[in-house]
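Taken from Swiss-Prot, the feature domain 'Radical SAM core' applies to 44-273. Feature annotation from Swiss-Prot assigns [4Fe-4S] cluster binding site to Cys62, Cys66, Cys69; the stated evidence is similarity to another entry. Taken from Swiss-Prot, the feature [2Fe-2S] cluster binding site covers Ser106, Cys138, Cys198, Arg268. For Trp368, Tyr461, Lys591, Gly624, Arg708, the entry in Swiss-Prot reads (8S)-8-amino-7-oxononanoate binding site. If you look up Swiss-Prot, you'll see Gly428, Ser429, Asp562, Pro625, Thr626 marked as pyridoxal 5'-phosphate binding site. The N6-(pyridoxal phosphate)lysine annotation in Swiss-Prot covers Lys591 and rests on similarity to another entry.
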Amino acid sequence: MTLQEIKDQVLAGFDISSAQATWLANMADSEALYAAAHEITITCASHEFDMCSIINAKSGRCPENCKWCAQSSHYKTQAEIYDLLPAEECLRQAKYNESQDVNRFSLVTSGRKPSPKQISQLCDAARLMRKHSSIQLCASLGLLNEEELRALHTAGITRYHCNLETAPSYFPTLCSTHTQEQKLATLDAARRVGMDICCGGIIGMGETMEQRIEFAFTLAELNVQSIPINLLSPIPGTPLENEKALSEEEILRTIALFRFINPTAFLRFAGGRSQLTPEAMRKALFVGINSAIVGDLLTTLGSKVSDDKKMILEEGYHFADSQFDREHLWHPYTSTTDPLPVYKVKRADGATITLEDGRTLIEGMSSWWCAVHGYNHPVLNQAAKDQLDKMSHVMFGGLTHDPAIELGKLLLPLVPPSMQKIFYADSGSVAVEVALKMAVQYWYAAGKPDKNNFVTIRSGYHGDTWNAMSVCDPVTGMHSLFGSSLPVRYFVPAPSSRFDGEWNPDEIIPLRETIEKHSKELAALILEPIVQGAGGMWFYHPQYLREAEKLCKEHDILLIFDEIATGFGRTGKLFAWEHAGVEPDIMCIGKALTGGYMTLSAVLASNQIADTISNHAPKAFMHGPTFMGNPLACAVACASVRLLLDSGWAENVKRIEAQLKEELAPARKFPQVADVRILGAIGVIQTERSVSMAYMQRRFVEEGIWVRPFGKLVYLMPPFIISPEQLSKLTSGVLKIVREM
């Protein structure tokens, strides 16, 4: 074996073996080892340095006999003794550390575990800190159970720290009053309640290099992503007071090995690092340290935050604005106390996204399915610039303008012939709201005010606003929390006949029975035609739409198509209704309408709908968004629609579809995979179990691709301008990561 082979193995995403790690530990050329570890660090690990500070919230004599610990009651040391600090003092120190750009603040207590009263006090302190500070909260409080950890998590503590300290084979030599199995039980409980975990240990306690390797592999098996590495500072009075300090070369070699074994983790320098020379500290940052506990430690002095920051920046790491982002910006579908990771983007061009750290990602999501032309397109850029020189916005009430008129002229030839009226809206969700209101007002105007409810199919998604949520699946959808507050709609099973399979006539029966029973109160049936998007990425048979249309006409019910996600070529047809040849009464479009540049949607309706509403009091449709018909958005939309029609979109989508079918096919044989389905420029891998979004997204980024999975779905919706080579990188990266599950 060679260093190059082992390094390439890690860079390719494969784990190394214990034998390979031992070979690395014994190689003579330390500098070559450090350089290889550095390459792994800059390729696989985060470049954004993570700083944590701690507060020794309670110090005293502990019943455990850990040989390294100054707070053990078994040894005579000079460690301070004091009870739990007041919550106000914890807050004061948390706010100070936040002002120093520290990411995390950890509450630490001595002893096996706090009393129930102290747990309650610590929860109160956490709530106080969350109320007055945005710093992320961690805790290291000993061997806790799931109930105690859940209380802490509810109070705002998002990460739990419990060190295994050393290799499983060596731990009993250092402590006999508790076991590593008890520590592992605490870590497992923390994960079950939704906490992230932090777990590492101390080197230099008499263990061998082989045992350090064993320890690093133990942490890798646990998939720990925050690994504190403490250097023993022998404390007078403890059994290890005369332990010889490790050489700087041995410390650096250990860090390198930890990086080879845990390539993506935050290796967090913690206690004892003050014994290193500045040169060795810089070398440690070079080799693999990308995180640190700053300030004073528990029983040993630490370092000044300002000094640490200066050195960290000089070694090529950065403190991005993502800290402010984490603390103050609430991203979609995530927590503020334990947010999903975000990756800061520097720019985007074509089918690529460039992160602030320089990494380039192939775009697989089209920014939630809207950027069909890719990014930074000169035609769309110019359209926006030209319109800015004229006007960016005027109200659409009582005024009109060329961009809105021109966009309407472009859209009408593309949509069903019966669609003759266009109502501009702000977003996809708002378009659905408008469509539902339009249906209700239509029946009111038609003299049937009792027809004010809706029917739809399960596993649907129509948006995040109030009435849009009401027609999303109330059980499997993302809005079940609001179910008891939303208007009650009628839901029938989604058709299981595949788009490219045989049609089962029985699939229409539940819809027929529901419509027959409730037709007098139903205003409309709303459907995502052919493709159910965020509700499950399912492609159903076109015959369902034909049968549904017959039922709607037979029972005097409007048909609404939500083409927000499917419109503008995504399914291989310009709009998905074309697969079935079924024309709706009302249709919603959005997302790709502006090529992903600006938010804009439109609701299209027949003359019958519009005229009926307009000829009955109040003789107007009662909806008017502030930014309705925004001229800047309309101008870009005009350019986007023209660009799509002139770009050979149909050939591009056929090419993408063929390549997705060929290159995702191997996933059908994976034991982790339940289904693979392709339609147009949509590729879906459905897994047997739910995916970890944070973990898989990080792995996708490491592969140089941008994919955002959810639930049991890993899917691709690339821009239509993606090259075959870029698409191959996407598909190969997806297959690799799914295979790892």
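One is the number of the first residue shown, and numbering goes on along the chain from there.
A Cβ is built for glycine as well, from the same backbone N, Cα and C atoms used for every other residue.
A map of Swiss-Prot features onto the structure.
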residue	record	DSSP (3 states)
Cys62	[4Fe-4S] cluster binding site	strand
Cys69	[4Fe-4S] cluster binding site	coil
Cys138	[2Fe-2S] cluster binding site	strand
Cys198	[2Fe-2S] cluster binding site	strand
Arg268	[2Fe-2S] cluster binding site	strand
Tyr461	(8S)-8-amino-7-oxononanoate binding site	coil
Lys591	(8S)-8-amino-7-oxononanoate binding site	helix
Pro625	pyridoxal 5'-phosphate binding site	coil
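If you measure from the Cα atom of Tyr461 ((8S)-8-amino-7-oxononanoate binding site) to that of Asp562 (pyridoxal 5'-phosphate binding site), you get 9 Å.
Arg708 ((8S)-8-amino-7-oxononanoate binding site) carries neither a helix nor a strand DSSP state and counts as coil.
Close to Ser106 ([2Fe-2S] cluster binding site) in the fold, though at least 6 residues off in sequence, lie Cys52, Ser53, Ile54, Ile55, Leu137, Cys138, Ala139, Ser140, Arg159, His161, each with a CB less than 8 Å from its CB. Long-range C-beta contacts of Lys591 ((8S)-8-amino-7-oxononanoate binding site), restricted to its own chain and to partners at least six residues apart, with a cutoff below 8 Å, comprise Trp368, Trp369, Cys370, Gly428, Ile564, Ala565, Gly567, Phe568, Ser601. When Cα-Cα distances from Pro625 (pyridoxal 5'-phosphate binding site) are compared across the binding-site residues Cys62, Cys66, Cys69, Arg708, the shortest belongs to Arg708. Separating the Cα atoms of Arg268 ([2Fe-2S] cluster binding site) and Cys69 ([4Fe-4S] cluster binding site) is a whole-number distance of 20 Å. Least crowded of the binding-site residues (Trp368, Tyr461), judged by neighbouring Cβ atoms within 10 Å of its own Cβ: Trp368. Residue pair Gly624 ((8S)-8-amino-7-oxononanoate binding site) / Ser429 (pyridoxal 5'-phosphate binding site) shows a Cα separation of 15 Å. In this structure, of the binding-site residues Ser429, Thr626, the smallest number of CB atoms within 10 A of the CB marks Thr626. Local packing around the Cβ, expressed as the count of other Cβ atoms within 10 angstroms, is greatest for Cys198 among the binding-site residues Cys62, Cys66, Cys198.
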